[in-house]
Amino acid sequence: MAAAVRTAPGPRGPGAPVLVADAVGKRFGGVQAVDGISLTMAPGERIGVIGPNGAGKTTLFKLLAGDELPTAGTVELFGQDVTRVGTARRARLGLGRTFQVSNLFRDMTVLDNVRVAARGGTPRARVFWRPQRPKDEISQRALASLESVGLSRRAQDTVADLSHGEQRQLEIAMALVTEPEILLLDEPAAGLSAVERSTLRRLIEELPRTLPILLIEHDMSLALGLTDRVMCMENGRHVVTGTPQEVRDNETVKAIYLGRRDKK
Amino acid sequence: MTRDRKVGLGAMALLLLALASYPYLGTSGYQVSIASTVLIAAILASTVNFLAADGGMASLGHGAIAGAAAYGAGWASLQGHSMATQIALAMVVGILVTTVYGVLSMRTNGIYFLMVTLALGMVVFGLAYRLSSVTRGENGITGIERPEVLAEPWAFYLFLVGCFAVTTAALWVVSRSPFGATLRGIRDSESRMRSLGYYVPAYKLGAFMISGTIASLAGLLAVWHTHFVSPSATELGRSVLLIVMVLLGGLGTTLGPLVGAAIVILVENVVSNSVERWPTVLGLIFILTILFARAGLVGSAAKVLRRRRRGTDAGEPDTAEPAGLTTTTTIP
Ligand SMILES: Nc1ncnc2c1ncn2[C@@H]1O[C@H](COP(=O)(O)OP(=O)(O)OP(=O)(O)O)[C@@H](O)[C@H]1O
Ligand SMILES: [Mg+2]
């Protein structure tokens with residue numbers, strides 16, 4: 001898989017942050033979903049974001065991915081101000097992501113889902129006079145990506161036939177095939193069984209260490225086990241940031257999560 | 001080549017052969033004329049079908065696009081321009097109108113897309129009515145000729161069979177291309193396509209342009225057939241009938257538009273001779289189809305055939321397949 005990930009290009013020097021959110025906020029009418037969150041992500045860094053339901057994790061995620069424009073603050077991607085830049089453009093800059101709520105192409109085969117992802121935004125997607133070919137480079141890449149998440153034997157099945165866990169794996173295959181330089185994962189383990197969870201955990205652990213990952217997760221053990229640094233949010237606000245151990249031992253986090261650890 | 005595809009291509013070849021031999025089966029001039037109307041409507045309906053099935057964009061403005069192209073040819077003919085100019089002007093006007101539609105609608109979805117195309121169709125209708133220095137208003141433009149070589153009704157009919165074959169094949173190819181897969185991706189989830197780096201509006205505009213260009217061609221063919229264009233060619237009712245044709249035949253099927261067009265045109269022209277309320281008859285057929293064959297006639301027939309074949313492949317007793325049905329097999 002390592003070969004599939006380009007090394008980040010750039011005007012920015014080595015060690016310069018790949019993603020910077022500076023006091024971003026998002027207000028929906030009367031709800032301040034995200035309130036002045038700042039976040040800096042170094043190359044190759046893995047950051048976890050935890051917090052209870054409605055803490056604003058997905059909203060923060062959307063601000064970073066470009067699905068929502070912030071009502072306050074700025075976002076920088078690879079040293080470039082992208083605060084007002086749309087989702088497609090950020091994807092082309094190298095931002096890959098998965099969705100919390102699955103919106104896979106249900107009528108297509110698993111392979112076709114990944115093929116559409118692999119062509120994302122390239123001139124190949126504009127070819128309209130030639131059929132999709134099973135042996136071309138796009139298909140090879142799609143199959144390799146399916147292989148890396150352990151889904152190759154389901155390539156010809158339609159998405160509707162996949163289990164929930166397999167759909168989450170497909171989500172990741174689709175993000176990886178775009179060869180992202182930063183990967184955002186929104187609750188990849190939501191609704192998975194214990195076995196599926198450990199499969200997913202291994203999958204994320206095996207991703208190249210050079211790939212920076214922002215992992216949003218309810219499940220503390222997963223979020224803390226896979227990351228270098230964790231941020232906890234509540235009611236849109238920053239609570240604490242630190243190493244997994246520091247966050248685990250933090251009194252406020254304990255209070256927020258008390259009795260919630262086996263929820264979901 | 002998969003078996004499905006072979007069956008589909010074989011059925012298509014048979015159908016084209018049948019269509020092409022139609023004028024030589026002792027058919028009357030009137031019958032050939034009706035068949036020509038069906039083919040033109042089928043081409044137009046297939047453009048609506050493509051946009052709705054692959055792009056998820058149901059248009060209520062395609063009648064007006066075709067009508068605008070027809071006016072382009074009509075105006076050129078009125079000014080005494082050459083045939084080449086008439087053809088060029090029809091396509092230019094049609095494609096211009098398509099571009100306006102496309103640019104204004106590419107950021108909309110579902111019902112909003114429908115309303116934008118509907119409103120633009122009304123604008124075209126209004127212009128056809130009011131801009132009488134160009135369109136001759138309510139009277140319309142008459143005496144529009146088609147090229148010399150196509151003057152004979154059977155020659156024109158055969159030309160239409162060719163046009164139908166070419167446009168159907170073109171849309172089929174587009175639908176199976178990477179562009180087609182991209183469109184279906186956008187139809188199913190715009191947000192995901194954006195996050196994969198696709199500029200969604202550009203693809204929607206592209207699909208609209210392909211559809212509108214072929215619709216413009218259909219408009220030119222229509223005016224060559226009837227030698228006449230009036231505001232009624234751009235009426236909302238025409239566009240509604242196109243949607244009815246698509247749904248009757250089966251959304252997303254290759255031959256559905258032809259079957260749907262045949263039913264609508266036959267009811268409109270033949271049944272109306274004996275039954276005054278032909279729209280009621282059409283409405284009944286439509287309701288029955290939606291109730292008992294929701295995938296449309298072609299779509300449902302293809303489903304039945306596929307299920308049956310799967311049954312026989314599994315070793316179940318072979319129930320005789322009605323031979324006639326194979327010609328309606330769609331390329332799924
Ligand atoms: N589009 C929206 N319009 C209005 N309010 C919204 C919108 N999206 C989110 N919110 C509100 O913002 C707050 C944060 O929601 P968000 O989805 O970001 O939480 P979350 O941390 O991802 O929760 P979960 O763990 O349940 O996924 C919630 O109160 C939610 O109701
Ligand atoms: Mg969430």
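Note that Cβ sites are derived from N, Cα and C of the backbone, with glycine treated the same way.
Sequence annotations record features per position, and here TrEMBL assigns region 'Disordered' to B:309-332.
If you look up TrEMBL, you'll see B:30-52 (among others) marked as transmembrane segment.
Note on the transmembrane segment (B:59-78): residues 44, 47-48, 51-52, 85-87, 89-94, 96-98, 101, 113-114, 116-118, 120-122, 124-125, 128, 134-136, 140-141, 143-145, 211-212, 215-220, 222-224, 229, 233-243 of its chain, located 6 or more positions outside it, place their CB under 8 angstroms from a CB of the stretch. Here TrEMBL flags B:59-78 (among others) as transmembrane segment.
Look at TrEMBL and you will find B:84-104 (among others) tagged as transmembrane segment.
Marked as transmembrane segment by TrEMBL: B:111-129 (among others).
Per TrEMBL, the feature transmembrane segment maps to B:154-175 (among others).
If you look up TrEMBL, you'll see B:196-220 (among others) marked as transmembrane segment. Tertiary proximity for the transmembrane segment (B:196-220) is limited to same-chain residues at least six positions away from its ends with a CB under 8 Å from its CB atoms, namely 40, 43-44, 46-48, 50-51, 54-55, 57, 59, 62, 65-70, 72-73, 87, 90-91, 93-95, 97-99, 101-103, 105-107, 163, 167, 170-171, 174, 179, 182-183, 185-186, 190, 233.
Listed by sequence, the residues of this chain that lie at least six past the ends of the transmembrane segment (B:240-266) yet keep a Cβ under 8 A from its Cβ atoms are 8, 11-12, 15, 34, 37-39, 41-46, 48-49, 52-54, 58, 60, 62-63, 164, 168, 172, 282, 285-286, 289-290, 295-300, 302, 328, 330-332. Sequence annotations record features per position, and here TrEMBL assigns transmembrane segment to B:240-266 (among others).
As annotated by TrEMBL, transmembrane segment applies to B:278-297 (among others).
Tertiary proximity for the transmembrane segment (B:84-104) is limited to same-chain residues at least six positions away from its ends with a CB under 8 Å from its CB atoms, namely 59, 61, 64-66, 68-73, 75-77, 116-117, 120, 124, 144, 204-205, 208-209, 211-213, 215-217, 219-220, 223.
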